[in-house]
Amino acid sequence: MLGNFSVVTEFILVGFSTFPHLQLMFFLLFLLMYLFTLLGNLLIMATVRSERSLHTPMYLFLCALSISEILYTLAITPRLLADLLSTHHTITSMACASQMFFSFTFGFTHSFLLTVMGYDRYVAICHPLRYNVLMSPRGCTCLVVWSWVGGLVMGLVVTTAVFHLTFCGPNEIHHFACHVPPLLKLACGTDVPIVALGVGLVCITALLGCFLLILLSYAFIVAAILRIPSAEGRHKAFSTCASHLTVVVVHYGFASVIYLKPKAPQSLEGDTLMGITYTILTPFLSPIIFSLRNKELKTAMKKTFLSKLYPEKI
């Protein structure tokens, strides 16, 4: 007991139980999006592995990005799908902390990898003669490892800060996952405002820092492309960045909705639906964008997989 309150040891994920008549439709929709996300990322990884022409730093980073997306969705979506078919929505404090840790770890790893991919495009376009030196296999491996280490640190910092607090009731999380804002509303004690401010500043600083580094990379890239004399050369240079730039816009667009929205009164159902954009929609769109907007990857996919299905047409 803590004063007149009992310490909470498990939570109830309210999730989509506020939409009882739509739960089956949500289940089918999210299941299809989840399966497509897994299939799309696995297809990208298989294509890069089998096609020797794609054994370059850009596609190494893309494979690392696909792995982070698969693990990120694995941390959230299976539990969401199970809750949509169940009336038992309780989750232990330890399981809730684990979900938060893995979702933040893989989510921020994704952001750091997008930043690294922006740096790769900057080197390729602005310093092509030094590309093999600056983006050596060892250097690329270090960038990927540090992206994962950065994500791990973010996951540890946020999860430790939030679950260091005391939760003393009520225990209903008005979300489909163990998300920070609804959890902080359930915490009690004088440390809650400090933790809320600290976690918010850490997350926003990391996201904005990555975004500003990507903007800086593209500022140099655009300046370099504009100096290319032929229109065909400019188009070819920009086409190598198109898929990455589109994913960055989608990723940070939805992230800004979650982390930078004004603190205005909003329905709990609205918060739940808004969370879908970042946790399910963004990972769903990413492999589609890279597959359709990247001509080299699209050609390799056709060569690798269509040749096995229709060998006489290739």
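Heads up, residue numbers simply count up from 1 along the chain you see.
Every residue gets a Cβ built from N, Cα and C, even glycine.
Now, the feature entries from TrEMBL:
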type	residues	note
DOMAIN	40-290	domain 'G-protein coupled receptors family 1 profile'
TRANSMEM	24-46	transmembrane segment
TRANSMEM	58-81	transmembrane segment
TRANSMEM	101-119	transmembrane segment
TRANSMEM	140-163	transmembrane segment
TRANSMEM	194-226	transmembrane segment
TRANSMEM	238-260	transmembrane segment
TRANSMEM	272-292	transmembrane segment
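Same-chain residues lying 6 or more positions outside the transmembrane segment (194-226) and placing a CB less than 8 Å from one of its CB atoms are 108, 111-112, 114-115, 118-119, 121-122, 125-126, 150, 154, 157-158, 161-162, 164-165, 180, 184, 187, 234, 237-238, 241, 245, 248, 252, 255, 259-260.
Outside the transmembrane segment (101-119), and at least 6 residues removed from its termini, the chain residues within Cβ reach (under 8 Å) are 58, 61-62, 64-65, 68-69, 71-72, 75-76, 143-144, 146-148, 150-152, 154-156, 158-159, 177-178, 206-207, 210, 213-214, 217-218, 244, 247-248, 251, 255, 279. Against the transmembrane segment (272-292), stretch 24-46 shows more Cβ pairs under 8 Å than any other of 24-46, 58-81, 140-163.
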